[in-house]
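S.K.: Quick one: structure below, then a few questions.
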Amino acid sequence: MVSVTRAVFGDLPLGAGTVEKFQLQSDQLRVDIISWGCTITALEVKDRQGRASDVVLGFDELEGYLQKQPYFGAVVGRVANRIAKGTFTLDGKEYKLAINNGPNSLHGGVKGFDKVLWTPRVLSNGVEFSRVSPDGEEGYPGELKVWVTYTLDGGELVVNYRAQASQTTPVNLTNHSYFNLAGQGSPNIYDHEVTIEADAFLPVDEVLIPTGEIASVQGTAFDLRKPVELGKHLQEFHVNGFDHNFCLKGSKEKRFCARVHHAGSGRVLEVYTTQPGVQFYTGNFLDGTLKGKSGAGYPKHSGFCLETQSWPDAVNQPHFPPVLLKPGEEYDHTTWFKFSVA
């Protein structure tokens, strides 16, 4: 059984609307999601002693989400991740996007899907959010109708993304939750054991755009096919952290993507997806300046993201899995976050 309750979370400035919070609860999980950016604001999971902790980074109040902050818990789009130089060409026409991350466009631009109010609809086991992204929003071509649905099933949070376009446009939707299985506010994720089911990854240049090479993980820091303890692994390979796309087996079927185990609490997160890639990000740009829930500071490496996605800059790299959605087609992807204890 899943219960769904709705409440007011806060009001946007200048009478721009009311943000609502939807609480989904099963016997194993409690998830809070707000209509601003379809943002997961809390996710409570029990440890092996049966004690529940909130395992996602975020803020207590709406104001926190309205300030400049690193996409905590939000759905990002129209195109998640980076597009080189914020430009791409479609049918001979060049499109110029907002540049908001060094020389590149990141996560949909200056006002992406994370910074808009969505229209909610309560379901028996979750909530569906919808919006229409107008033609030309942030420089993207065509109108895009989008639906994001969160449902709970026992220990599993299921996120489905659907979209329909009025003209050909790139689309890449993901959720940008930062997890810490020891509980949000814990100082780091070094004691987390990580597995990613990927034989290849995408090397990046100095501004984090894929070079175009699809590189084998064999013998590199990116070989996470067997579990590694994150802190030791980063030290051993002298890497500052991860912010890379891992290439998953290509098919539209549900497949295992990643597993993270926190030995101290026993909490396990497994991710399954229909997407061709996952960006593993270890919170390298967190710097402790933002005050999070219950006054927590979020320093570097205090949370990790597993952003299931199409590959970064795919719109400019023809040998990457296609990212264009044409009129009459439907974008339809699902990601499963399955929590348990071990």
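Any Cβ shown, glycine's included, is placed from N, Cα and C.
According to TrEMBL:
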| type | residues | note |
| --- | --- | --- |
| ACT_SITE | His176 | active site, proton donor |
| ACT_SITE | Glu307 | active site, proton acceptor |
| BINDING | Asn81, Arg82, His176, Ser177, Tyr178, Asp243 | beta-D-galactose binding site |
S.K.: Filter the recorded positions Arg82, His176, Ser177 down to those whose C-alpha lies within 10 angstroms of the C-alpha of Glu307 (active site, proton acceptor); answer none if the list is empty.
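M.R.: Those close enough are His176, Ser177.
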S.K.: Give the sequence-ordered list of residues that share a chain with His176 (active site, proton donor), lie 6 or more positions from it, and have CB atoms under 8 Å from its CB.
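M.R.: Result: Pro70, Tyr71, Phe72, Gly73, Ala74, Val75, Val76, Ala80, His107, Asp114, Cys305, Glu307.
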S.K.: Please find which two of Asn81, Arg82, His176, Ser177, Tyr178, Asp243 have the most distant C-alpha atoms, given that the record lists them as binding beta-D-galactose, and give only that distance in angstrom, rounded to a whole number.
M.R.: 18
S.K.: List the residues of the same chain that sit at least 6 positions away from Arg82 (beta-D-galactose binding site) in sequence and have their Cβ under 8 Å from its Cβ, in sequence order, or write 'none'.
M.R.: Asn101, Asn104, Ser105, Leu106, Val207, Leu208, Ile209, Pro312, Asp313
S.K.: Just how many other Cβ atoms lie inside 10 Å of the Cβ on Ser177 (beta-D-galactose binding site)?
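M.R.: A 10 Å sphere around the Cβ of Ser177 (beta-D-galactose binding site) contains 26 other Cβ atoms.
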S.K.: What is the one among the binding-site residues Tyr178, Asp243 whose Cβ has the most other Cβ atoms less than or equal to 10 Å away?
M.R.: Tyr178
S.K.: Note down the number of other Cβ atoms within 10 Å of the Cβ of Glu307 (active site, proton acceptor), including every protein chain shown.
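M.R.: The answer is 23 other Cβ atoms.
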